[in-house]
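Asker: Grabbed the feature section from TrEMBL, which reads as follows:
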SIGNAL    1-26  signal peptide
TRANSMEM  271-296  transmembrane segment
TRANSMEM  345-372  transmembrane segment
TRANSMEM  384-404  transmembrane segment
TRANSMEM  416-440  transmembrane segment
TRANSMEM  452-475  transmembrane segment
TRANSMEM  507-530  transmembrane segment
TRANSMEM  536-563  transmembrane segment
TRANSMEM  575-594  transmembrane segment
TRANSMEM  606-635  transmembrane segment
Amino acid sequence: MQLRSHAPSGATLLISLLALPQLTSAFYLPGVAPTSYKQDDAVPLYVNAIRPVGDADSVLHSVLSWDYYHPTFQFCAPEGGGQPVGESLGSILFGDRIKTSAFELKMKHNETCKKQCEVTYGKNAAQFINQQIQEGVSLNWLVDGLPAGQKTIDVLSNTEFTNPGFLLGEQLDDGRIKFNNHYDIVIEYHEVNGNNGQYRVVGVIVQPESRKYTGEIGPDTCNTAPDIVELSETGDTKVRFTYSVYWIESTTAWATRWDKYLHVYDPKIQWFSLINSSVIVIFLVLTVMSVLVRALKKDIARYNRLDQINLDDLSGTSVLEDGVQEDSGWKLVHGDVFRNPSHPLLLSVFLGNGTQLFVMAGFTIAFALLGFLSPSNRGSLGTIMVLLYTVLGFVGGYTSARMYKSLHGEKWKLNIILTPLLVPGIVFAVFFLLDLFLWAEESSGAVPFTTMLVLIFIWFLISVPLSFAGSWLAFRAPAIEPPVRTNQIPRQIPPVTTYLKPIPSMLLVGLLPFGAIFVELYFIMTSIWFSRIYYMFGFLFLCYGLMIITCAAVTVLLVYFLLCAENYNWQWRAFLAAGTSGGYIFLNALIYWVTKLSLSGFAGSVLYIGYSALISFLFFILTGTIGYFASWLFVRKIYSSIKID
């Protein structure tokens, strides 16, 4: 999708924001500097985890990934076995398991039908591999940091792009299952300008083939083996692995070599969704502003006139211009609106962690939008999220303690302890339990025990002390005083209409923020579960902004209606109503599970539902915090604008 054409001046900023992810591909940060090779220099080919990408009908049957050198696959390994390659924390958490390989690549040196090794597959191994082929797993290689892939044509936009990874095998129309044992590796390179004899890799294409060899393997053998390899599930099958290497000079610049991987599936849907969400948000915000500003101005003016008349009228009776003889509406609850909610400790802990998530998400999307999280730096997204959340522990601790003190909480020591431990503890516990399923299935997606220790180390040695420091500063600061006094005796709350009851109001309020990100959420989930590269952070940035505005607007509107109905218990109602968006995300994940996935094993279903529930829980805290603080600012603003006797 090209966004560099001329556009009307009114849309220039929007177009520029959406184009930033593509414009920023023209430069790279230190740490991903280009590597130059001389002719016949060794170019390493690394292998990564074997991942499911779905079958021919784009249906995913498994979420489990496997180590490339899993004993069942018996792929050819280098002498001494495949050695792990250094990876970032985010790369490990997202399931990368990069290792050295037995492939020998030399710059500009073609190889034809080179033999690797010969292995024998038993019937149990054949059954397992054939099942993986039917479920659509793919092999993932890396050459000079570029994922090896296959050229694909998007039928909707009629554009050609490179899809990372290539299939382990394929089920033919006649029902036979072929196993790929030969690889044509096509590597594109270009010569460095002004530096003769120096070359850089700018593209990697792998065309897997199934070749059943019967005699000696020579340079022409790969083209004369007509039969395919079928792994027998009743006996042993001998398979010989071969590969060919072809170097092709290309005009692609090194700085734009990732462009062929960054493909947008049906961009018209994203544009339509963004425009549709923008129109809805603008309409919603204008409606909220018109209703609230008009109503509040009228209410505040009437209440202030009433106070002035009461001061002038010593007899205590007066008649207003509009016939109202006493307060009505939201001013009636001015003595209760800042009454402490139930469970203030839990609410403040959630608000602290929600603020931490809010700032982390904003910084992460901004960094990605500006090109700092290049896909060439594997795992950078996950790494920056972990590090930001760790450093922002100070913000979470400060916010939680500040709000708890304003709610007149007395268990301040428990607040300091629970803020950095409760929500991260729940996330870590669920993550660890799901990891046990991966360990039980011998999946490479299981996070190593040493990485778990690193996470605990980061958590307790950096995040927890920073949270404690933020809480200590917040408790030393003066409390945030409400603009009106709170009565000693609580006011009785009258019955409310149906749409203001807890469940209906939560369902209504949570739906609109979810609608603002629904389409973009589909692309993100497809990217996660189908192992595709997601890079449209311009769309994500705008959708995140629209979600924040929508969440704040609808929650403020709900709180206004509650106060007009003389219901002053708005704190938890605002948090839970806005947080219901997380419930819609989980419901959407379940629908996605039914329609797009066909997971064959119990472990895969547990993993999918578990990770979806974890994401929904964090989103619940994030949106709940946005709704609460928007309502908190709104309530403080309106009650500071009226005169109270």
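Note: Cβ is positioned from N, Cα and C throughout, glycine not excepted.
Context for these features, please: burial, neighbours, distances.
Answerer: Proximity of distant same-chain residues to the transmembrane segment (271-296), defined by a Cβ-Cβ separation under 8 Å and at least 6 residues beyond the stretch ends, is recorded for 512, 515-520, 539, 542-543, 546, 549-550, 553-554, 556-557, 560, 638, 641.
Remote same-chain residues near the transmembrane segment (384-404) are listed as 89-90, 93, 344-345, 347-349, 351-353, 355-357, 359-360, 363-364, 367, 372-373, 412, 415-416, 419-420, 455, 458-459, 462-475, 477, 480 (criterion: CB distance under 8 Å, separation of at least six residues from the stretch ends).
Long-range contacts of the transmembrane segment (416-440) within the same chain: residues 64, 345, 348-350, 352-353, 393, 396-397, 400-401, 446-447, 452, 455-456, 459, 463-464, 467-468, 471-472, 475, 603, 606-607, 610-611, 613-614, 617-618, 621, each at least 6 residues beyond the stretch ends and with a Cβ under 8 Å from a Cβ of the stretch.
Within its own chain, the transmembrane segment (507-530) is flanked in space by residues 53-54, 58, 60, 63, 265, 269-270, 273, 277, 280-281, 284, 499, 536, 539-540, 543-544, 546-547, 550-551, 554-555, 558, 577-585, 588-589, 592, 596-597, 608, 623, 627, which lie at least six positions past its ends and keep a Cβ under 8 Å from the stretch.
For the transmembrane segment (606-635), the residues of the chain that approach it from at least six positions outside its boundaries are 63-64, 337-338, 347, 350-351, 353-355, 357-358, 361, 423, 426-427, 430-431, 433-434, 437-438, 509-510, 513, 529, 547-548, 551-556, 558-560, 563, 570-571, 574-583, 585-586, 589-590, 593, 597, 599, judged by C-beta separation under 8 angstroms.
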Asker: So if I exclude everything within five residues of the ends of the transmembrane segment (345-372), which remaining residues of that chain have a CB under 8 angstroms from its CBs? That is, six or more out.
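Answerer: For the transmembrane segment (345-372), the list is 17, 20-21, 23-25, 27, 29, 380-381, 384-385, 388-389, 392-393, 395-401, 403-404, 407, 409, 411, 414-415, 418-419, 422-424, 467, 537-538, 540-541, 544, 571-572, 575, 618, 621-622, 624-626, 628-629.
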Asker: Who are the chain neighbours of the transmembrane segment (536-563) in space, where the CB to CB distance is under 8 Å and they lie at least 6 residues beyond its ends?
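Answerer: 14, 17-21, 264, 270, 274, 277-278, 280-281, 284-285, 288, 291-292, 295, 329-330, 333, 337, 361-362, 365-366, 368-369, 496, 500, 505, 508-509, 512-513, 515-517, 520, 523-524, 569-570, 573-574, 577-578, 581, 623, 626-628, 630-631, 634-635.
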